[in-house]
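Straight from Swiss-Prot, the features:
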TOPO_DOM  2-55  topological domain 'Lumenal'
MOD_RES   S2  N-acetylserine
TRANSMEM  56-76  transmembrane segment
TOPO_DOM  77-86  topological domain 'Cytoplasmic'
TRANSMEM  87-107  transmembrane segment
TOPO_DOM  108-187  topological domain 'Lumenal'
TRANSMEM  188-208  transmembrane segment
TOPO_DOM  209-212  topological domain 'Cytoplasmic'
TRANSMEM  213-233  transmembrane segment
TOPO_DOM  234-258  topological domain 'Lumenal'
TRANSMEM  259-279  transmembrane segment
TOPO_DOM  280-291  topological domain 'Cytoplasmic'
TRANSMEM  292-310  transmembrane segment
TOPO_DOM  311-362  topological domain 'Lumenal'
TRANSMEM  363-383  transmembrane segment
TOPO_DOM  384-389  topological domain 'Cytoplasmic'
TRANSMEM  390-410  transmembrane segment
TOPO_DOM  411-439  topological domain 'Lumenal'
TRANSMEM  440-460  transmembrane segment
TRANSMEM  464-484  transmembrane segment
TOPO_DOM  485-534  topological domain 'Lumenal'
TRANSMEM  535-555  transmembrane segment
TOPO_DOM  556-869  topological domain 'Cytoplasmic'
Amino acid sequence: MSSCKTTLSEMVGSVTKDRGTINVKARTRSSNVTFKPPVTHDMVRSLFDPTLKKSLLEKCIALAIISNFFICYWVFQRFGLQFTKYFFLVQYLFWRIAYNLGIGLVLHYQSHYETLTNCAKTHAIFSKIPHNKDANSNFSTNSNSFSEKFWNFIRKFCQYEIRSKMPKEYDLFAYPEEINVWLIFRQFVDLILMQDFVTYIIYVYLSIPYSWVQIFNWRSLLGVILILFNIWVKLDAHRVVKDYAWYWGDFFFLEESELIFDGVFNISPHPMYSIGYLGYYGLSLICNDYKVLLVSVFGHYSQFLFLKYVENPHIERTYGDGTDSDSQMNSRIDDLISKENYDYSRPLINMGLSFNNFNKLRFTDYFTIGTVAALMLGAIMNARFINLNYLFITVFVTKLVSWLFISTILYKQSQSKWFTRLFLENGYTQVYSYEQWQFIYNYYLVLTYTLMIIYTGLQIWSNFSNINNSQLIFGLILVALQTWCDKETRLAISDFGWFYGDFFLSNYISTRKLTSQGIYRYLNHPEAVLGVVGVWGTVLMTNFAVTNIILAVLWTLTNFILVKFIETPHVNKIYGKTKRVSGVGKTLLGLKPLRQVSDIVNRIENIIIKSLVDESKNSNGGAELLPKNYQDNKEWNILIQEAMDSVATRLSPYCELKIENEQIETNFVLPTPVTLNWKMPIELYNGDDWIGLYKVIDTRADREKTRVGSGGHWSATSKDSYMNHGLRHKESVTEIKATEKYVQGKVTFDTSLLYFENGIYEFRYHSGNSHKVLLISTPFEISLPVLNTTTPELFEKDLTEFLTKVNVLKDGKFRPLGNKFFGMDSLKQLIKNSIGVELSSEYMRRVNGDAHVISHRAWDIKQTLDSLA
């Protein structure tokens with residue numbers, strides 16, 4: 001059986017109609033001679049269908065197959081069960097080697113050099129006139145050499161075989177040698193494959209336990225299911241690919257057929273070599289014999305070697321590697337990151353028992369591997385003293401806590417680019433933050449799986465006498481399956497996808513399209529399905545230990561939640577909400593019963609959604625009974641009440657506290673000063689009266705007395721007051737005069753007295769050297785300016801001008817000592833208010849408050865974050 005891209009069965013051979021009912025054309029590989037392939041039949045029909053013509057070889061093959069059962073009976077009667085089992089085991093190993101090594105070598109040379117075809121041409125095996133009768137031949141017509149007789153015999157035998165096998169209308173000499181060689185090659189394939197199958201079945205039959213109690217159990221039920229599934233795989237595969245791909249036809253000639261992916265080829269890569277061998281494991285379950293299981297594993301593994309070293313190289317030479325631009329997108333992103341960031345190196349990745357991309361100059365790599373080595377050595381050296389209960393708790397808590405940490409990072413990164421912002425604000429690059437994430441994620445995987453391996457190993461070691469060998473091997477197979485899934489996933493999505501690169505470097509994505517190559521052609525989320533089978537394998541290995549079941553459930557749930565509630569919403573946001581149906585989904589929905597169930601579920605879902613929508617409408621119906629503008633009037637009344645409360649002046653005609661131009665401007669953008677006009681009856685005025693600036697939210701609880709400190713945001717009403725508090729009060733008092741009835745003045749709050757924080761504020765006039773409130777101003781708003789961020793130069797210009805006015809800039813550097821109210825936090829808030837980026841205090845101190853560096857850094861971060869949007 002051959003393959004293309006993944007298998008020939010999936011590409012060139014994927015013709016779902018019978019070759020006899022459609023006009024399929026073929027051409028030879030080297031000479032490009034076109035022809036119409038003859039009608040052929042599958043292996044079973046060719047050998048056992050009495051309505052079809054049989055050649056001599058086919059009769060011999062059928063006889064050899066049937067004779068196996070008589071030989072089995074005779075050997076069993078004469079030598080006993082054990083000898084018979086080993087006798088057929090040796091036979092199976094012989095035919096398996098003949099299959100994978102023998103046929104493999106023949107196909108290897110046929111693929112590279114067309115050895116069989118050239119041999120047939122050289123010796124005129126399928127010609128009317130043999131070479132020894134050709135005038136140009138070097139052979140003498142009277143030669144009696146053994147070689148001549150041998151090839152004449154081969155010529156006559158092969159021609160007789162084809163004539164006795166094919167219909168009368170088949171013209172042997174009208175077809176090119178390639179098709180005739182292929183027809184003869186099929187005969188030997190039939191012999192090897194049928195003998196391989198029959199000897200294996202006899203060996204398994206002899207290994208089945210005699211006790212009915214041992215046969216009728218859950219293992220046998222599962223085994224029968226796997227066998228039936230295996231039969232369906234084989235039948236459906238032949239339905240799709242026909243004999244051409246089944247017998248490696250493209251090693252001899254090429255069919256011109258449409259590419260149709262159907263049936264079993266939508267479920268698994270290389271289905272004939274992967275799920276096509278599940279029957280092996282079904283029979284092993286029924287036998288409950290680890291020896292049968294080991295033989296099955298050997299047969300399956302040798303088939304994968306055949307695929308790797310024979311079929312795949314041929315397919316790549318003949319059809320290319322089957323990759324397209326979409327499948328290479330993530331790989332190109334990895335290359336682009338390396339190209340644009342000279343200090344970037346590929347991350348350390350743990351794959352099974354190996355580490356990839358180890359960098360001897362990267363400390364985190366040593367830390368990761370050192371952690372694994374320390375844990376393993378510690379477990380081995382202290383195996384007798386480790387309390388398994390404490391170790392279980394350690395594994396459980398480590399997995400849960402680290403998963404919560406990882407999930408939180410991914411969720412916040414998806415929502416607000418939190419992780420990237422954290423590093424950008426501290427002076428690092430976007431790619432550097434991604435590198436740190438790569439270390440964190442890989443370390444999380446390495447740590448949790450190392451602890452799981454240690455715990456499972458100690459569980460097996462402490463209870464080895466009760467461990468079932470077959471369960472142990474099946475568990476290891478599941479571990480191998482998960483390792484394979486991880487490797488295939490990484491191969492399909494590259495390092496960029498493996499480390500959730502679209503969460504951190506979405507600006508590197510040029511094509512917003514999800515890959516459907518490799519394992520993602522069959523499963524949408526392989527990591528959620530096959531990514532935990534190895535953990536369930538530990539359940540088998542430990543004979544269904546409760547603690548391992550708990551850990552397996554934890555692994556499964558955390559995987560599911562991460563994919564369902566974090567990864568999938570983010571993918572929809574980045575690539576669009578397109579429903580991608582996997583190959584497995586297509587095949588299952590193609591089955592009528594499952595399609596009907598799916599339709600029923602969809603209808604139920606629509607009914608539930610409709611009922612919820614109707615309920616929501618009914619619950620909102622009460623609001624329609626209220627006046628149309630009821631809610632608007634309610635909000636307006638609240639605003640009026642607050643305004644009335646804020647104006648807390650006494651009922652004296654000379655009590656006044658007003659902000660200049662308050663009718664025009666209620667929002668003061670810093671560094672604009674706020675000028676306050678006040679008036680007080682002369683009998684109430686005290687030279688120690690003072691005015692404080694407060695946040696409304698801090699003082700609204702008490703209108704008669706201020707119970708919070710002003711924090712230095714206050715001014716005297718007279719230049720002669722509070723002389724020991726410095727000159728700033730004299731500078732803020734810009735005017736004061738007295739008449740017979742009242743005293744009035746003007747106070748200006750500039751950047752030396754104002755808050756540098758967005759909010760609603762009010763002024764309070766206090767009596768004497770106390771906190772008794774006499775007057776309260778109308779609330780007003782103070783806000784930080786929005787600087788020009790069109791270019792980094794304009795942003796720097798506006799920033800330096802503002803800092804100069806606030807008196808915190810010296811020699812181009814931020815110096816907070818110039819204004820005690822404008823500190824590092826105020827600068828951070830100013831930048832965030834203008835450009836939406838928050839730099840860390842540590843970073844600004846690291847660059848010595850350089851306004852040029854800070855402004856350009858903030859602008860660069862803004863550009864980076866915008867590109868991620």
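Quick reminder: no glycine exception, Cβ is built from N, Cα and C everywhere.
Across 87-107, 213-233, 464-484, the stretch most heavily in contact with the transmembrane segment (292-310), judged by Cβ pairs under 8 Å, is 87-107. DSSP places the residues of the topological domain 'Lumenal' (311-362) in helix, strand and coil in these numbers: 21 helix, 6 strand, 25 coil. For the transmembrane segment (213-233), the partner stretch with the highest count of Cβ pairs under 8 angstroms, out of 259-279, 363-383, 390-410, 440-460, is 259-279. Packing against the topological domain 'Cytoplasmic' (280-291) from elsewhere in the chain are residues 204, 207-209, 214-215, 219-220, 222-227, 229-230, 299-300, 469-470, 472-474, 477: each is 6 or more residues past its ends and has a CB under 8 Å from a CB in it. Secondary structure by DSSP for the topological domain 'Cytoplasmic' (280-291): 10 helix, 0 strand, 2 coil. Stretch with the most C-beta contacts under 8 angstroms to the transmembrane segment (363-383), considering only 56-76, 259-279, 390-410, 440-460: 440-460.
Residue counts for the topological domain 'Lumenal' (234-258) under DSSP, split into helix (H, G, I), strand (E, B) and coil, are 16 helix, 4 strand, 5 coil. Counted over residue pairs separated by six or more positions, the transmembrane segment (390-410) shares at least 3 Cβ pairs under 8 angstroms with the transmembrane segment (535-555), which defines the two as touching. Residues 347-350, 364, 367-368, 371-372, 375-376, 379, 383, 386, 388, 391-392, 394-395, 398-399, 402-403, 405-406, 409, 467, 472, 499-500, 535, 538, 541-542, 545, 547-548, 551 of the same chain sit 6 or more residues outside the transmembrane segment (440-460) yet have a Cβ under 8 Å from a Cβ within it. DSSP places the residues of the topological domain 'Lumenal' (108-187) in helix, strand and coil in these numbers: 51 helix, 0 strand, 29 coil. For the topological domain 'Cytoplasmic' (209-212), the residues of the chain that approach it from at least six positions outside its boundaries are 287-289, judged by C-beta separation under 8 angstroms.
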